[in-house]
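These features come from TrEMBL:
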| type | residues | note |
| --- | --- | --- |
| TRANSMEM | 19-40 | transmembrane segment |
| DOMAIN | 31-278 | domain 'G-protein coupled receptors family 1 profile' |
| TRANSMEM | 52-74 | transmembrane segment |
| TRANSMEM | 80-109 | transmembrane segment |
| TRANSMEM | 130-154 | transmembrane segment |
| TRANSMEM | 187-208 | transmembrane segment |
| TRANSMEM | 229-251 | transmembrane segment |
| TRANSMEM | 257-280 | transmembrane segment |
Amino acid sequence: MNSTVRIVDSYEEALAKNIVIVCLAFIINFINGMLVVTFFSNTMFSRDSRYILYIHLVINDMLVICVTVILYVLSYASPLVNVSWCCILVVLSSITFMITPLNLAGMAIERFIAICKPLHHSQICTPQRTYIFICLLWTLGAIRCLADIIILLLTQPISFFRSFVPCYILYVFPSKAHQEHTTASQVIYMSLVWIILIYTYCRVLFTARKAVSKGSANKAQSTILLHGVQLLLCMLSYITPFMYIIITPVFPQHRANIGFCIYLFTIIMPRLLSPLIYGIRDQKFIKQMKEYFTCKVINVKIVPSKL
C-alpha cells in the first residue's frame, strides 16, 4: 500500500499528507504529555491502580504514534530502508500496538473489581501488582516479537539484514510461517480481550441495576463501553489490507487518498480517545491538571516581573 501511495501522490499531495499526519501526532502527543505530567505531579495517582494503568496506556499510545509516524514519513522520504533498522521500528510498533488492547482489558478488569467486589479491590488491585501486570504485557509482546525474529533468522540469510527494502512488515517478515504466527497470536489475543470486555461490561451492568447508588456503577459501565469502542477502532487496523483491497477497485483513481484515510482513522484518531475516556471525564484528574498548569502559567508570568 505504501509503495502505491508513493507512485500516485504528487509532491504537493505527499507534503500535505505528511504535514497533516505530523501535526496531528504532535497535538495528540502534546495532550497526552500534559496527562503524563499531571500524573507525576501528584503522588495520589501513583497509589491508584486505575490511574497507573491509564497513564501506561497513554505512554504506550505516544510510542505507537511516534513509531508509526516515523514509518509513514519514511515511506515517502526514504522508500528503501536498511532491514536491520526497519526491523527495530517494525518490532517496536508491533509490541506497542499489541499492548493497547491488553491494557484495555486490564483496565476493564480493574473497574469490574472496583464495582462488583469493592471490599477486595484494595487487596487485589495494589500498585505493586499493577506494575507486575504492566511488565507482563511487555513480556508477552517481547516474546511474540522474539519468535518473529527467530523465524526470520532461520528463514533468511545474513545478507538479508544488510539489504534495503520498503519499511513495511510484509517486506521485513516475508515468510509464510511469520504470517501464520502473527494471525494466530492476533486471533488469540483479540478473542481473549473481547471476552474480558463483554464479561466485565455485563457484570457491571447487572450490578448497576441492583445498586442503590448507581452513579459509580453507571460511570464504570460507560467507561468499559468506551473501551469497547476504542478496541473496535484498534481492530480496524487488522483489516486494513482487506479494506484497501475492497475499496480501491471501486475508486481506483483515489487509491492514495484511501490509504491515507485508512491510516488516519485506524492508527492516529483512536489515540484521541485515551485522553477523552479518563483525562477529561475524570473530575479528580482534570482538576489536578487545571491546578498544576494554572500554577505553572502564573509562575512564568510572575518571575519576569520580579526581574
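Cβ atoms here come from the backbone N, Cα and C positions, even for glycine.
Remember, TrEMBL labels are computer predictions, not curated facts.
Quantities reported herein were computed from a predicted structural model and do not represent experimental measurements.
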Any contact, the transmembrane segment (52-74) to the transmembrane segment (130-154), with at least 3 Cβ pairs under 8 A: yes
Selected stretch (most C-beta pairs under 8 A with the transmembrane segment (80-109)) from 19-40, 130-154, 187-208: 130-154
Remote residues contacting the transmembrane segment (19-40) - C-beta distance under 8 A, at least 6 residues beyond either end: 46, 51, 55, 58-59, 61-62, 65-66, 69, 72-73, 263-264, 268, 271-272, 274-275, 279, 285, 288-289, 292-293
Averaged pLDDT, computed only over the residues in the domain 'G-protein coupled receptors family 1 profile' (31-278): 82
